[in-house]
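One structure, pasted below without further comment.
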Amino acid sequence: MHASHDPIFVLLSLVVAVLGSWTALDLFRRVRTNLGQARLVWLAIAALAMGLSIWSMHFVAMLGFDPGSAVQYDPLLTLVSLVLAIGATGGAFFFAAREGARLAHVLAAGAAMGVGICLMHYVGMAALRTAVSMGYNFGLVALSLVIAMAASTAALLAVRRERAFRWRVIAALTLGAAIVGMHYTAMAALELTPAPAAHVEPHGPPPYMLAASVTGGTLLILLLALMASLYDQRANVLSALEAGGVGYWELDLRSSALHVSSRAKEIFGLKREDALTLERFRARESGEARAKRDQVLEHALFTGSDYDDEYRLTEADRWVNVRGRALLDGRGRPHRMIGVVLDVTDRHEAFSAVKDSERRQRLMIHELNHRVKNTLATIQSIASQTAQRAESPEAFRKSFEGRLIALSETHNALTRGGWEMACLREIIQHELKPYSPEQIQLDGLSIPLGPREALALGMVIHELATNAAKYGALSEPGGCVRVRWAIQPDDGSDVLAIDWSERSGPAVQPPSRKGFGSRLLYLSIEKELGGTAELRYDAEGFGCSLTIPRVPVRADLDPENVLL
């Protein structure tokens with residue numbers, strides 16, 4: 001007996017099979033990108049979409065089947081066939097999606113899924129009520145089973161791997177065609193025999209209406225599943241951006257409508273409930289930044305390159321980096337932009353700190369170069385003057401070495417003060433340290449000195465101490481040296497006054513000529529520091545009064561912090 005298939009129903013069944021395959025492939029990607037309970041939920045949705053689309057394809061194709069007699073369907077067996085399709089697909093997807101599933105497990109799951117789909121088909125055939133007796137060609141039945149198992153295995157292998165868009169389209173078309181091919185192979189196995197005693201009255205809605213309803217309902221479910229998948233992907237991406245401190249934005253280039261995420265509002269210094277329009281966004285930029293942004297945006301739209309700009313917000317007092325990409329409409333024209341915004345204030349502050357550090361380093365190198373030159377010039381002068389007045393090489397060595405040590409000790413004191421200050425008391429203590437404490441009296445506060453003052457006074461105190469040890473109070477056990485210093489007012493400004501006095505030493509007589517020590521004292525105090533130096537040759541002992549202008553030192557530098 002001859003049977004026929006309505007071409008419209010054949011086409012509808014193919015559309016349902018292809019769209020169902022595409023949806024299942026897409027949903028299974030959500031299975032692979034989720035964990036725990038969410039993974040199981042997406043697995044169930046993918047199985048439902050695949051099973052429902054396979055069942056709907058078979059049901060729609062059966063509605064287009066004309067065995068030459070009126071047709072009815074057993075509702076219970078029809079429902080059982082739907083459960084078989086969804087159950088077989090769900091079980092196969094579950095085993096194929098397991099972590100560490102081997103190829104053998106996937107092949108076994110594909111075979112089981114193919115058997116379930118075949119059972120679905122033949123249970124659906126058993127639900128068919130018609131006046132024609134139905135038999136089967138078991139060779140074609142076996143072929144339909146092989147096709148079902150091959151298509152199922154191919155589907156499971158396809159969904160296990162991440163593929164490009166074009167490959168997924170090819171996979172969906174192939175799987176859809178295979179599912180339809182399996183159905184019509186099974187229908188080709190059907191052998192119809194007239195049954196004169198049987199009679200079936202048409203019942204229910206017309207086939208076209210029923211096919212349209214089933215197809216429409218299936219496509220609606222598939223569409224909702226795809227929308228849920230897209231929403232889940234979007235939510236995951238936005239959550240990842242939020243976790244990374246990145247804001248998201250969208251701009252309609254035609255209407256200038258702007259949408260920004262909550263994190264983007266926070267970056268722009270707004271509350272989550274505040275609205276951020278394009279005009280309000282522009283108001284938070286400086287005029288210079290706005291002009292630059294418009295220029296960069298125009299270039300990006302004209303060339304098709306990505307938009308990337310960085311500028312400072314006027315109200316929020318922070319720097320932002322805005323990046324975006326234009327989306328094209330069907331005619332290849334940009335109609336929308338999407339992108340991200342990052343708070344790069346810390347990066348700008350770090351760059352600024354690096355620039356300041358480099359500037360300070362260059363200044364320090366310049367200052368170091370200047371100080372080294374000055375120190376070398378001082379050493380050269382000391383060597384020259386010492387050599388001119390030395391009585392022997394050994395006398396030169398001792399005198400020169402002592403003066404270098406004095407210079408070195410002053411450098412050490414300045415280093416402890418970061419080359420911004422040194423303590424006067426520390427300098428005097430270092431120079432008088434080799435002598436008996438009973439012979440030394442110090443009276444003065446811890447006064448900070450700048451580098452220039454410290455180096456000059458360090459050399460002066462050394463010369464005074466050396467002279468006292470050779471010819472003055474420190475050359476005899478009963479001698480005594482008293483050093484007093486203080487800050488004193490002088491014509492509206494402050495001066496540092498230092499008094500050196502010796503007692504109980506040898507008789508003092510004024511020298512017949514000035515030695516290097518005296519010349520160094522005058523050069524250091526009067527020429528270098530702009531102060532005054534007065535030498536006294538009293539009967540009680542040698543004395544020296546020094547005054548130098550007070551040079552302010554940073555107030556946050558505490559001289560007590562640099563004392564030994």
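Each Cβ is built from the backbone N, Cα and C atoms, and glycine gets one as well.
Pasting the feature list from TrEMBL:
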type	residues	note
DOMAIN	5-193	domain 'MHYT'
TRANSMEM	6-28	transmembrane segment
TRANSMEM	40-64	transmembrane segment
TRANSMEM	76-96	transmembrane segment
TRANSMEM	103-124	transmembrane segment
TRANSMEM	136-157	transmembrane segment
TRANSMEM	169-190	transmembrane segment
TRANSMEM	210-231	transmembrane segment
Using a Cβ-Cβ cut-off of under 8 Å, list the residues of the same chain that are 6+ residues beyond the ends of the transmembrane segment (40-64) and lie near it.
5-10, 12-14, 16-17, 19-21, 23-24, 27-28, 30-31, 34, 78, 81-82, 85-90, 93-94, 97, 117, 120-121, 124-125, 128, 155, 159, 179-180, 183-184, 187, 207, 210-211, 214-215, 217-218, 221-222, 225, 228-229, 232
So if I exclude everything within five residues of the ends of the transmembrane segment (136-157), which remaining residues of that chain have a CB under 8 angstroms from its CBs? That is, six or more out.
21, 24-25, 50, 92-93, 96, 106-107, 109-111, 113-115, 117-118, 121, 171, 174-175, 178-179, 181-183, 185-186, 188-191
When you scan the chain for residues with a C-beta under 8 Å from the transmembrane segment (169-190), skipping those not six or more beyond its ends, what do you find?
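Long-range Cβ neighbours of the transmembrane segment (169-190): 3, 5, 10, 13-14, 17-22, 25, 54, 57-58, 61, 65, 117-118, 121-122, 125, 134-141, 143-144, 147-148, 150-151, 154-155, 158, 163.
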